[in-house]
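Presented below is the structure to which this report refers.
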């Protein structure tokens, strides 16, 4: 068995980290340019590789007129920083729940956290709701977001590099036994610069600012700007669909509501973050920073962005089916997690009278009945099922935008207010590469987390964990994986 302090590589080690650090930002730009409101999703030129040329592709994508310099602007930078400043203000002035985290590895002491992201998001959404009531779909916030999407994406990416480089360099000022309780994450002390920068070196970097006080950067980024921004992006795409077609489709409303619930429920239960590996084990590096402020808001809103250009009509049966899938996933996720939490708190509760468990040498018990007798991480199965309704409303995605006056007919043809037509054409189902990427990625992420958890539990419980795995054979999906 490895010593606890012996780091091990994840995500392909230094080579994989290099690919992610420099490749993912390019991928996000490609996803936006390739699935667009100019020519189609994917852009028609991409469907014919034999005749593909840069000149042809450039004419079919929203490439800025200014060229590369158009990917950023000082105006967008100022407003993005204003958004972060607003989030900081709400963090500081609104009532908050003060919670102690888990005990740190080296000092054995907990850090204090301030949580009020739910109420802060509600305030921001309320303000936008009032603005929408006054201005309708032309509310300046909604039009500005969709008009400056590429600049917002690029500026957020640059901000990711700034934050992650700063936290990496700052981590070398940590001294053993420091009174600020600063620690280096176990996984971020390999000595390989690119890997440690990617995975995160300092466990819980904090900064003290005038008026705002002490801020845990990792927890703040995890629960605030990206998650709230995800909802705001979705709302801006709903408004765009209305401006484009004069109506709002049931599909975009269903996705926006489900995703808003997902975000708000997580923010309402913000204190639950403190037991997650993101907080207890992972340092703050490129991986978490990028995920929090770029990957989550911009990738996870792809479906609403798609539907803003090509509305899909589900009908009552379709809406009911999507809602049912979400509720099933939510039930599995919540029920299994609640069962585990209750067992940890009160293993002698009558609810566990007929359930089996393993008594470990550490003195704790591992539940091998109920949900946790079906799979070691059955909660991850529920979480993944919850992700499917984010993508399913886009159906067999893909569309081509045709000029006004084009002679084409069919039930799946949508006509914009400016006369342009949108039809699946040869693009379907290639658009699924864009709209279903989230669900595929989330499945990969959960499998990766399960592997990390398995390693951590093996280190923690030793032979007891091997016994547990013999009794509970399946990792996530009973009978399959």
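Glycine is no exception: its Cβ is also placed from the backbone N, Cα and C atoms.
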Residues flagged as transmembrane segment in Swiss-Prot, choosing from 187-207, 208-228, 313-333, 334-354:
313-333
Distal contacts, the transmembrane segment (313-333) - CB-CB under 8 A, six or more residues away:
249-251, 254, 258, 371, 378-379, 381-389, 392-393
Sequence-remote contacts (6 or more beyond its ends) of the transmembrane segment (427-447), Cβ cut-off under 8 Å?
31, 34-35, 40-42, 44, 46-47, 299-300, 302-303, 306, 377, 380, 383-384, 387-388, 390-391, 394, 396-400, 476, 481
Feature contact check the transmembrane segment (244-264) with the transmembrane segment (149-169), CB under 8 Å, 3 or more pairs:
no
Positions whose Cβ lies under 8 angstroms from the transmembrane segment (244-264), at least six residues beyond its ends:
118, 121-122, 227-228, 230-231, 234-235, 237-238, 300-301, 303-304, 307-309, 311-315, 318-319, 322-323, 326, 386, 389-390, 393-394, 414-417
